[in-house]
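Just below is one structure, and these are the notes that go with it.
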Amino acid sequence: MRAAVAHRILLLLALFAVLCRCDPDLLFDYCVADTAAATAAGAFHLNGLACIDPALARADHFATSALSRATNPAATLYGFNATLTSPAASLPGANAQGLAMARIDLAPGGMAPPHSHPRASEAALVLSGSVLVGFADTSYRLYTQLLRAGEAFVFPRAMVHFLYNMDTAAPAVVLSGLNSQSPGAQLVPFSAFRTEPRLPDEVLKKAFKITGQDVQRIQKHLGGL
């Protein structure tokens, strides 16, 4: 009896895991975001934004020019800028579709430092330049590839990865597709040295085998002091 109950519990857990692997499926053709409701005081949504009446949907709800505009990443900390589509701000027709797009502008020698997207896999296509990309799996095996214009690379969900513009004389541009409306982004350097409140120095010293002075120097370089 107990074995049968345990088997059913395991089966339910397995089914739940499968169902929760990606953003929920829609029960309609689309759900154009109600951007007014998204910005209303006290608005709260678990998965996606409230929908407008489908009869009010227009073609421009499914189009965006947000990724056409280049940014200047030269003045940023790591020499990169990421522009992400958002149903609330730039692409209401993508609401609840389980996807997002991003444009990554890399300055000459710029880098998107090691980071992860906890809720999405990512497919990155180099539009211009030469970009070294890579990710580490949970066995700490590193996979890297030098990409040129027209070449693409996949970063599995939640794996720590990076993009590095190898050319110190010319910028690079990358277009990414992510299979979540809200992929999230967690930069490894910031997770260790820019949290609020900060991680205890003793934790950082032991984890990275550095001194208290090293901790303060790194925090200062990352703009944390």
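Each residue, glycine too, has its Cβ placed from N, Cα and C.
TrEMBL annotations:
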- 1-22: signal peptide (SIGNAL)
- Cys31-Cys51: disulfide bond (DISULFID)
- 65-216: domain 'Cupin type-1' (DOMAIN)
- His115, His117, Glu122, His161: Mn(2+) binding site (BINDING)
- His117, Glu122: oxalate binding site (BINDING)
Any further residue of that chain within 8 Å (Cβ to the Cβ centroid of His115, His117, Glu122, His161) of the recorded Mn(2+) site: Ser116, Ala120, Phe135, Phe155, Met159, Val160, Pro183, Ala185
What is the Cβ neighbour count of Cys31 (disulfide bond) at a 10 Å cut-off, with all protein chains included? 22
Around the Cβ of His161 (Mn(2+) binding site), other Cβ atoms found within 10 Å total 24
Can you grab the distance from His117 (Mn(2+) binding site) over to Cys31 (disulfide bond)? Cα atoms, rounded to a whole Å. 24
CA pair Glu122 (Mn(2+) binding site) / Cys31 (disulfide bond), Å rounded to integer, equals 23
Using a Cβ-Cβ cut-off under 8 angstroms and a sequence gap of six or more, which residues of the chain neighbour Cys51 (disulfide bond)? Phe28, Cys31, Val32, Ala33, Asp34, Asn95, Ala96
